[in-house]
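The next block holds one structure in the form of structure tokens; read it before the comments.
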């Protein structure tokens, strides 16, 4: 073959020099706003396969592409040739390509955006441009005052520079405008480039013993005059004959020179050995007793097992908190592994990964890997490689774990399936998929089983299950195991859900109590602490105060980029204001910047002020806080959970991450500081979100034989979502919510599509939204979509975020694809959004 090799970041890139095509390839092109696929010629000297990542010429530059299909004929007359294979092995499988096609159709997204979800960091690269002076300067000119002169001086001093390098060198400068005339007159030349993949294997210099272990004592005796060599040889033998050089030098006190002398004597060899970057490699998860299933659990498990032994299927496992859903997940995964298949377990928050891994890794020793965005690029890359080679049995992670290239997935578990964290939404890039729907599609392709588990299933999921689209399984009773650990089902007892006391905070105000703690919650906290038990305090707001107000002129401190009130965060004796949307920060004012009044007042409560109040009222209590502010560094989630689970704190204060699926048997009190934080948001799922959060929060209490209670504080005690949560009454909530949605044509009765429009000024965003609404109205008439209704265009509820203005259009329809058709490049289309904010 006439193929040249080019090393790229650990890969051998195959470059073609042939002219004649041997076949034609359909490619997905990795470029923004490119929706269709393109056909390229396959040179006869390139062994291109379906799934290969290749380099091609696209428009005026270079681009990555993924081969979707090969054919003998080309549908286009003049097909450009593929220039190179970037990665020797295919980066996606045929099943993943079929999955990406479904994802693109379902979310109305470019197929390339769906495929590149399946690649680890460091592989995907966008094309760029490199600039250089046409003629080298004998002497670099001074920078001068014009931007053009500064660009010329930079290129003279530094040589060729990419657009990104110029961005860094000339921040906030319009150098692209200044460079155009220089390109036109030939003073500066440009060339397209495609950055090299920078993901590569990690190697460790390793020492290997070359002699038999029994010879080592005699050899050590013979090295009396070479003590460092003797120490290194003995240490290597004690570590099994294989050890990283860095560890060997540290443990033996030997020098690198001593190791080289041992290698020269052919007693050891030193090699570069690949070492996977696995965040679980140093962890030990001791096996736990396996409980016998209760009758209810057994019935659910047998239904799932039958599907695993047949053609697969989808299940909604609706079980109250503490009903033993996890044990059914474990049985299903165990069965899949016995069949030689792999499993995926999705959790809604990275914060839940540590607890889930602990439970699953103890059952599946050495088979578990984690996938989520908090891992390093190297860890994600190595996990991707291990998965595609079939070296991993169980993957646990957030929604992105769904795209792990396991060879033969037999079961996908989506725990807390109702959680909206499973939906990718703007401002993240497309595709705007829901992990639940994507998992169902993937398992149809692989004839596997999907288990959707929740104590508070999404209303739409329950509706579909009761219509027969999913198999509906029920676990209505909470199970408490006596002595916390047992293998006998006879020792398991059905336990009541914890009683919930609803406290009307309006009445507390009437009695003169202006504290964030009602009298009932204060007394319950005192009793819980006196018994040496633990409490959770839940408030879905961070910070110390939710807004800052001048009581003289009414000024409210707002984010200049988002037009949203700033939250006060206390730091020691001082504090600062922060925007929770864009991260803008400013010093908390001592005087009003508008009228110079000193009558500044801080209103509202956040998790920081709740924790401070606990410490003030209960000085002996050990308090932990768990929110985004306290869990910013890697490993913080796991550390906070581990400390509280180990009993190192009495009270855990936090946002919604503390109520999602955590199993903490010592917790006997849950206090909800304010139940309706999400209830008044302008979103059709506000009531459902509130019911789910409150029910999940209540479910953290009483998960052992100690029992427990819940105190729920609210200013709207009559609301049906709060009443249903207080009575653990999913059925009543479900019926009320369905009636509301039937009346207004919201899901599940119609599908919802949100079109979002953004621009640097409000008028432009409004114009885009109005033009799009006109296109949609015309399409409704042309396609006779009589069941479709538009809402808007109107400003989005958060009309300005991070300096960008937003308008949106909502559509209630039965056929999103017919309605939207081929979206315009600037349309942000979110099909089946989980919120409309």
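Every residue gets a Cβ built from N, Cα and C, even glycine.
These figures come from a predicted structure and were not determined experimentally.
Marked as Zn(2+) 1 binding site by TrEMBL: 550, 553, 592, 595. The feature Zn(2+) 2 binding site is assigned by TrEMBL to 559, 562, 579, 582. What TrEMBL lists as domain 'Helicase ATP-binding' is 306-475.
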Inset, instruction - For the recorded Zn(2+) 1 site, enumerate neighbouring residues of the same chain (Cβ within 8 Å of the Cβ centroid of 550, 553, 592, 595, site residues themselves excluded), in sequence order. - result: 551, 552, 554, 555, 593, 594, 596, 597, 599
Inset, instruction - Return the residues near residue 553 (Zn(2+) 1 binding site), defined as same-chain residues 6+ apart in sequence whose C-beta is under 8 angstroms from its C-beta, sorted by sequence, else 'none'. - result: 592, 594, 595, 597
Inset, instruction - Give me the non-local Cβ neighbours of residue 550 (Zn(2+) 1 binding site): same chain, 6+ apart in sequence, Cβ-Cβ under 8 Å, ordered along the sequence. - result: 556, 592, 594, 595, 597, 599, 600, 601
Inset, instruction - May I have the list of same-chain residues other than 559, 562, 579, 582 whose Cβ is within 8 Å of the Cβ centroid of the recorded Zn(2+) 2 site, in sequence order? - result: 560, 561, 563, 564, 566, 580, 581, 583, 584, 801, 802
Inset, instruction - Among the binding-site residues listed here (559, 579), identify the one with the smallest other-Cβ count within 10 Å. - result: 579
Legend entry - In the chain carrying residue 562 (Zn(2+) 2 binding site), residues 6 or more apart in sequence that have Cβ under 8 angstroms from it: 579, 581, 582, 584, 798, 800, 801, 802, 803
Inset, instruction - Sort residue 550 (Zn(2+) 1 binding site) into helix, strand or coil using the DSSP assignment. - result: strand
